[in-house]
Amino acid sequence: MNFPVCNRKGKTPRRPPKKPSNNQKDPVGVYCRVRPLGAEDEECCIEVISNTTIQLHAPDGLKANRNGEFKETQYSFKKVFGIKTTQRELFADVAKPLVEDLIHCKNGLLFTYGVTGSGKTYTMTGSPGQGGLLPRSLDMIFNSIGPYQAKRYVFKPDDKNGMEVQNQVDALLDRQKRDSQTSVPKTPTTRRIDPEFADMISPEEACKAGEVDEDSSYSVFVSYIEIYNNYIYDLLEETPFDPIKPKPPQSKILREDQNHNMYVAGCTEVEVKSTEEAFEVFWRGQKKRRIANTQLNRESSRSHSVFIIKLAQAPLDADGDNVLQDKSQVNVSQLCLVDLAGSERTSRTRAEGNRLREAGNINQSLMTLRTCIEVLRENQMCGTNKMVPYRDSKVTHLFKNYFDGEGKVRMVVCVNPKADDYEETLLVMRFAEMTQEVEVARPVDRPICGFAAGRRQRNQAFKDELTHRLEERGGPVDGESPTVLNQLLQSFHPLPPCEISGPNDDVTLPRLIDALEKRHKIRKLMVEEYNKTGKITLLRAQDSNLLSKENFIQEQRGRLGEKDKMIQNQKNEIDRLEKKSKMLEYKIDILQKTTNIYEEDKRSLQHELESREQRLQREMSEKRRMETRMQGIVTDAKLKWEKECERRVNAKQLEMQNKLWVKDEKLKQLKAIVTEGKTENRQPQRPSREKDKVPGEVFKTRGGGQAVQFTDIETLKQENPVAASRKRRSSETGPDGEPMERNWTNVETRCSVAVEMRAGSNLGPGYQHHGYPKRRKP
Ligand code: ADP
Ligand code: MG
């Protein structure tokens with residue numbers, strides 16, 4: 001921990017605070033207690049989700065107002081106590097360890113924090129039948145140290161936060177003085193218990209600390225203060241009450257003792273000898289507080305109350321009979337139980353005027369507490385050395401040593417789950433979260449004094465024995481092992497009558513002297529015997545002590561072995577996990593490499609794909625071009641061939657027509673010959689056409705061939721000889737008459753065209769001669 005150094009200007013530098021001799025630290029233990037809802041139908045904003053975590057839900061109204069800005073938040077604590085937690089369970093977890101520490105000379109601070117109505121006072125003080133942490137702590141203390149308490153006034157507080165040891169006589173005188181003062185209440189066993197707190201702890205719930213040092217003597221002192229508006233008031237101060245003009249209470253100041261611990265100067269410390277007595281003192285303070293608050297119109301929820309339990313302990317002397325008269329051997333430890341003021345902001349309480357200002361101060365002190373915690377945390381976490389503003393408020397100043405000295409600090413955060421408190425509860429949670437991160441130096445064990453252990457027991461045994469024997473004086477002794485002591489006790493005769501009968505009485509005095517001498521001798525023998533037995537018991541006790549220590553060491557060794565085993569197991573586990581982690585790393589590496597390779601492949605394949613696509617594109621366009629070209633060629637060729645075919649067909653037709661015509665002529669001639677035989681007079685009439693005449697002009701071509709130019713179109717009509725003869729028979733018309741013409745068949749239409757035929761041209765020899773005869777008019 002870093003110790004803040006206060007460098008206040010204009011002041012002599014203070015000595016650095018006493019550093020704790022150990023460097024072990026524990027975080028502030030923060031617990032959370034959720035109280036039940038006031039009414040069952042009230043909206044709840046807290047849910048306990050595990051024994052270390054709670055969850056806050058924004059209430060419906062708030063969610064709607066802030067557009068869902070508030071979400072569910074979780075907060076973790078050392079432990080969470082739900083609504084069913086009993087006061088006893090809470091005590092066992094939270095305060096019991098602090099009481100154990102107190103009895104073992106270690107300081108503790110326990111405070112409750114939360115908004116008003118969250119259950120701080122219920123947790124700290126409790127109610128009848130439901131005693132809180134305070135009465136239970138007191139009870140545990142007295143259950144533990146009860147038989148080892150010093151007589152009243154053996155320990156006496158000096159006025160500087162220290163403790164003195166008085167000798168028996170002074171203590172006795174003080175006791176007598178106290179008894180003579182009627183105002184001071186006597187021991188509680190004889191008194192009636194106030195019904196207001198009668199039932200704070202039931203006897204069956206009694207708790208006890210383990211390992212209480214029996215060879216020490218103890219005394220408990222309590223003080224009770226209230227801090228209101230940054231003023232400290234002593235609630236146990238006995239002031240004569242003037243009903244006519246009541247005096248306002250006087251505030252106290254804080255001082256630092258020689259060990260740099262803070263204390264309230266002049267504060268009443270009441271020595272108490274039992275739980276009831278202690279609690280009665282507390283209740284007295286409580287009543288005073290209530291009265292003051294009413295008289296001065298204060299709001300009790302705005303004050304901090306601090307109940308301090310101081311335990312003084314000192315070793316018994318070598319005889320084990322009295323407290324060692326050595327102030328340096330007195331150890332004082334203290335447990336502070338603090339019920340803080342409500343943490344809510346001033347606006348919530350609707351205070352006005354003075355009250356508002358005062359409330360502001362109360363808030364200020366809680367704010368200072370928060371700031372101190374914040375700075376402490378920052379110093380610890382970041383290694384900074386910022387000054388912690390303990391002095392800014394009385395509360396933080398008083399507890400300064402717990403944070404920069406040593407001790408155990410615990411806080412119970414009280415929360416009311418009702419929705420109305422949601423926003424304030426959020427702030428409380430944040431503070432709690434921060435507080436958990438602060439660490440406090442662990443208190444060290446006090447050195448034990450050099451006397452042999454078991455002194456009290458030995459002394460007690462001797463005393464018991466002596467009383468017993470003295471009671472049985474003159475009676476029968478234990479026959480089996482008659483000791484010198486027993487024999488001597490037996491020979492203890494009553495004193496002879498010592499009344500001198502007259503001036504001449506020579507018997508009484510010598511007889512008395514004789515008896516007294518005998519007694520003196522017996523006493524001497526007894527002292528010797530006592531010393532002997534004392535030594536033997538001492539040896540025995542030391543033996544048993546040694547044995548128990550050995551057992552303890554053995555036990556610890558066993559535990560150490562277990563721990564070693566555990567550590568070994570953990571190490572193995574760590575090794576295994578490390579190996580696994582390495583293996584996984586290796587695998588990841590391989591996978592990374594494989595991925596890289598695949599990616600490389602992918603890239604190259606993509607590249608290839610792209611180039612192929614480009615090629616394909618090119619080829620496609622080439623193909624299209626070719627297609628269009630081919631189409632052109634094909635159409636050309638088709639056209640050419642079509643023309644050619646036409647030409648050839650035409651030529652063939654012409655040829656065929658010519659042949660037909662020739663045959664026709666021949667037939668006509670044949671017919672003429674036949675008819676000539678029948679009618680000698682009749683001359684055959686040739687058509688008015690010369691035999692070899694081509695019906696057009698024939699001319700030479702440039703290629704050396706011949707071409708015919710037809711000049712007209714004629715229709716060749718062929719007469720069907722059969723039909724002709726039939727017709728001629730049926731009609732009497734002449735051969736040139738109109739009806740005759742109907743026997744002619746329209747053979748061919750010839751058209752006159754001019755075609756240039758070139759001999760040897762690429763159209764072949766068959767195309768040299770073309771022409772269509774002019775259609776002959778019927
Ligand atoms: P605070 O001191 O924080 O203002 P109180 O301790 O006075 O709050 O509690 C307010 C009321 O709630 C009291 O009546 C108290 O009995 C009740 N209460 C608080 N905590 C609990 C609890 N855990 N169980 C039952 N009642 C509780
Ligand atoms: Mg309260």
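Including glycine, each Cβ sits where the backbone N, Cα and C put it.
Copied over from TrEMBL:
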- 1-27: region 'Disordered' (REGION)
- 27-438: domain 'Kinesin motor' (DOMAIN)
- GLY114, VAL115, THR116, GLY117, SER118, GLY119, LYS120, THR121: ATP binding site (BINDING)
- 560-629: coiled coil (COILED)
- 674-700: region 'Disordered' (REGION)
- 677-695: compositional bias 'Basic and acidic residues' (COMPBIAS)
- 713-778: region 'Disordered' (REGION)
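Only GLY117, THR121, in sequence order, out of the binding-site residues VAL115, GLY117, THR121 have a CB under 6 Å from ligand 1. Surrounding the centroid of the Cβ atoms of GLY114, VAL115, THR116, GLY117, SER118, GLY119, LYS120, THR121, where the record places ATP, the chain contributes additional residues within 8 Å, namely ARG35, THR112, TYR122, SER301, GLY342, CYS414, ASN416. Each of the binding-site residues GLY114, GLY117, GLY119 was scored by the number of other CB atoms within 10 Å of its CB, and the largest score is that of GLY114. Cβ crowding, taken as the number of other Cβ atoms within 10 Å, peaks at SER118 among the binding-site residues THR116, SER118, THR121. With a cut-off of under 6 Å between the Cβ and any atom of ligand 2, the binding-site residues GLY119, LYS120, THR121 reduce to LYS120, THR121. Proximity of LYS120 (ATP binding site) to non-local residues of its own chain (separation of 6 or more, Cβ distance below 8 Å) is seen for THR112, TYR113, GLY114, ASP339, LEU340, GLY342, VAL412, CYS414, given in sequence order. Around VAL115 (ATP binding site), the C-beta neighbours below 8 angstroms that are at least 6 residues distant in the chain are GLY342, SER343, GLU344, VAL415, ASN416, ASP421, GLU424, THR425, VAL428. Looking just at the domain 'Kinesin motor' (27-438), the mean pLDDT is 86.
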